[in-house]
Structure formats: structure tokens, C-alpha cells
Amino acid sequence: MQQQQRGGIKILKIVLSSYRVVSNSDTMNFGLRMVSEPDQAPIHSITLFVALLCACILIGHLLEKHRWINESITALAIGLCTGTLILLTTQGRSSRILLFDEQLFFIYLLPPIIFNAGFQVKKKQFFRNFMTIMLFGAVGTLISFVIISLGTAQLFKKLDIGFLDTVDYLGLGAIFSATDSVCTLQVLDQEETPLLYSLVFGEGVVNDATSVVLFNAILRFDLSHITSSSAIHLLGNFFYLFGASTALGIAVGLISAYIIKKLYFGRHSTDREVALMILMAYLSYIMAELFNLSGILTVFFCGILMSHYTWHNVSERSRVTTKHAFATMSFISEIFIFLYVGMDALDIEKWKIVSKSPGKSIGVSSILLGLVLVGRAASIFPLSFISNLTKKSQSDKIGFKQQIVIWWAGLMRGAVSMALAYNQFTRSGHTQLPGNAIMITSTITVVLFSTVVFGLLTKPLISFLLPRKHTMLPSDLTNLKLLNLPLLANGQDSESEMNGDHIPRPVSLRMLLTTPSHTVHHFWRKFDDSVMRPVFGGRGFTAHVDGSPPERIIH
């Protein structure tokens, strides 16, 4: 047994010693740089990393019954264990088998995650609560951004951190405004709490997009001397990026629907159909990056449009294939990110620099974590109060316990914060300056602490605040019925009309403002049925051809 262990350690040492970090001039600007022997080193590193991904999936499946232990925590734990083993076998030289580049995250790993979120979103609930989601995701993120930026600018001075300038403080505000609500979403029951699930899910996606847009807008301007004109210019650029990115995603989604509807690839080749959907989805993200827009917003709304129009234009086999393909790519990307974060947390290069001033590093991490808590509370509770003022029905209002869950869901920090921090404070995955090393290690500390500690406490907290109900109230049954209906009913004006009830149509501006949940959906359904779906296809509007799935045609 000892000989086998020595043999295994020897093999691992050979694998880990077979790669070295090289400069940008030695590479092709690819996200993962791992070169020593041209043929062997990349194969060794990739083999070990793929094996770790398989281990994450297997262990995550075995722990599936414990819903508070999700794939994120599992991947982090395996990454930490692997990093520790690598440190021991390399005698403290390195804990990583791959060198991280933020471009890998933004170009290859993030698009499938965000697109699948838009593709799988419950559109009925998302658009029913769209204004509240935008209030939390956009306005709430801006509030958190301001608090974190101002807080770090004031409190870091007391720690004698003189290496940060205005752009760095604003960058920290954007970095730590990006939330990660995966742990909460895995605990919440979508059928029992459709409103709460929709708000947490929708806010998480809009929040990530807003944080990245803010971060990119900050990098574009010289903010060493902030004036009123530069602040207005920054705000205008933010809204431009938001609007243009959304429009581009909608346009690409509609183009894909029109092409597939007219040519109907599925009659000739399902492979072409699936390939076109995947490539068009990725094209929307790359085009946004090409035009310096927000790829997150673009690919998210492209996913919504493709699920509403394009997906109904393809064959039945293509529907099943694309749905599982998008979910699988998103799943692997999420595991990859958290596995790497766990390994990178033990990177000896950064911790050697930080070890010279451990008190300062602990102070920075504590301040950032405290500002995250305060900024989140300052955005959720006041905005929930404002949102409730606009709600007429008591069932649509956000209760105090639900507000606590929403606040808690946004305390976790994850992959987006890590990628933005690497972008701001490293060069090609390395931290040459002591100040940058402190900021990276502090970001890792906040991400690990919030993901593991807050993540493990999520299930008991939600069980305490929102105990499961064995019997449903009539209002809950109504909400479930609304959730299960499609966003646009085929030929039906509303849910109540399907039951024989009649909703008075707006005859004045006052009625339009007092009953927006009914009238807005009613007018959108009319517009979609008469204009959009006849042109771009969708449920019930796809003409039958040989080899196509049976569709119900609306007359």
C-alpha cells in the first residue's frame, strides 16, 4: 500500500513538474496557459482537470439529497483539497495546474451560463415581475455600488492602503456588487414560492449584467478627476450600453427565428438546426463584445427570444437536443469556475506577498464583507417598500420574510466577482504588486466565506422563515396556475377569460395605470399574435412540412 501511494505521488509530481508558466509572448493569448514540453504538459494538465470535473459531478450526485450542499460548494471543496495536494507534491511552489485568464471566463465560460438562464427562464413570471426585477437588479446594484465604492474609499485610508486610486475604488464597487444566488435558488421551491423564485432568479441575472456594464463603463473613462460632466457622461454611457446590448440580443434572436422558420433546416438535417441555434446564440455574445457592449445582457435576451420563437420552429428532436445541450454546457461551465476558484485560493504566489502584512489583509476582507452586507440591505429593503406601494393585490406584495430571503440570496459572491477582480488587479493571472495581491486574496476570501458559510446557512434560514405548507391557499393555487400557463396564450386573451371570467379592458389612461398586470399582457398578446409570431414563428404559427413535428395552427 505504501509503495502504491509513493507511486501515485511520484506520478503526480511528474505531471505537475511538466508545466511552467510562460509570458504572453510565448502563447497565443489563450485563456489557459500551460506549456513546458510541447506535447505532454497540456495533455497531463487537461487530463487531471477533466478528471476533477468528473469527480465533482459524481460527488455532487451522491450529495444531491442534501440540497444545502450544491455543486458550487462541492467544486470549491474539491478544488481546495486538490490545491493542497498540489502544494504538498510541488513543495510549496504552486497549487494550480492551469493559469487563469479573465478572457477565458468572459469569452468561453460565461456565455453558456447566461444564455441558458434566459433560455430556461419562466417567462410568464419573469415579465409579470419585470419592473420589480429591474428595480432590484439595476437600481439595487447601483445603490450597492455607490455604498461599496464610498465605503472602501473612506475606510481603506485608515488601513494605510495608499496604492488604490479612484478607478480602483469604483472598480471594487462594481466587483462586489455582483451577486451569486445559486445556493438560494437550489433551496427554493419554484412551485411553492413562484414569486420569490422569480425575483431571486431574475435579479441575479440582471445584477450580473449591471455589474459588468458598470465595470466596463468605469474602465472607459479617466476618472482621476470626477466632475459633474464626467459623472453624467458615465451615467449616459451606462444606459447606452444597457439599451444597445438588449436591442442586439433581441435582434439576433429574431433573426435566428426568421431564418429557421423560412428555411426549416430540420426537414433536411437536425444537426444543421441544432448547430445553427448554438452558433447564433454564441454569435450574439461575440458581437456584443466586438461592439464593446454587454455580452451578458445580449445573450440573456437572445436566449429569451430564441426560447419564445426559434425553439418552436425546429423539429421535435432538435427541441430536446438543444434544451439539454444548453443546460449541459451551462452546468459544466459553472463547475469549472468554482473548481478553479477553489484551487486558485491556495496560490502560493499571492499569499507569500500577503503574509508580510496579514493584519492589513484581514482588515480589507472584513471591510469588504461588511460593506456587502450593508449595501445589500440598503438596496433591498427600501426598494421592496417602493415596490409594494405599486402593488394592489396583497399576494403580489413582498413580505418582510421574503425580503430577508432576497437580501440573503444576494450576499454570496461568485465567479463574476472573481473574474472582474482578476481583470482589475492582475496581469495575465499574476499579481506583481503587493497591493494587488491583497485585493485578490481579499476577493478570494470573501467569495469562499460567503459561498461556503452563507451557502450552508441558506437552507436552515429559508426553512425557518418559509416553512413548507402542506395545504395551499386559493391565492397560491392561482399563482401556480398563472405560472404553468405560457407567456402568450394561443388565441386566449387572459387566464380569467379561459375560466369564463371577464376582465374589463382599459378605456382610459387611468385604468391602464391601475390595472397594468392585465392590460400590458393583453396588448402584448394581441401584438404578438397579429405581428410577431406570423413573421418569426413560435407556438402554433409554424407551418407543417414533411419531417416537422405536429403543430396546432391558429386560425
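One is the number of the first residue shown, and numbering goes on along the chain from there.
Quick reminder: no glycine exception, Cβ is built from N, Cα and C everywhere.
TrEMBL does not curate its annotations; it predicts them automatically.
The following features are taken from TrEMBL:
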- 52-462: domain 'Cation/H+ exchanger transmembrane' (DOMAIN)
- 43-63: transmembrane segment (TRANSMEM)
- 75-92: transmembrane segment (TRANSMEM)
- 104-121: transmembrane segment (TRANSMEM)
- 133-157: transmembrane segment (TRANSMEM)
- 238-260: transmembrane segment (TRANSMEM)
- 272-288: transmembrane segment (TRANSMEM)
- 324-342: transmembrane segment (TRANSMEM)
- 362-383: transmembrane segment (TRANSMEM)
- 404-425: transmembrane segment (TRANSMEM)
- 437-458: transmembrane segment (TRANSMEM)
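Taking residue pairs at least 6 apart in sequence, the transmembrane segment (404-425) and the transmembrane segment (104-121) share three or more C-beta contacts under 8 angstroms. Segment contact holds for the transmembrane segment (437-458) and the transmembrane segment (324-342), given three or more CB pairs below 8 angstroms at sequence separation of 6 or more. Touching of the transmembrane segment (133-157) and the transmembrane segment (362-383) is concluded from the presence of at least three CB pairs under 8 A, sequence neighbours closer than 6 excluded.
Beyond the ends of the transmembrane segment (324-342), by six or more residues, the same chain brings 49, 52-53, 56-57, 60, 71-72, 75-80, 82-83, 96, 98, 100, 105, 108-110, 112-113, 115-117, 119-120, 182, 274, 278, 281, 414-415, 418, 444, 447-448, 451 to within a C-beta distance below 8 angstroms of the stretch.
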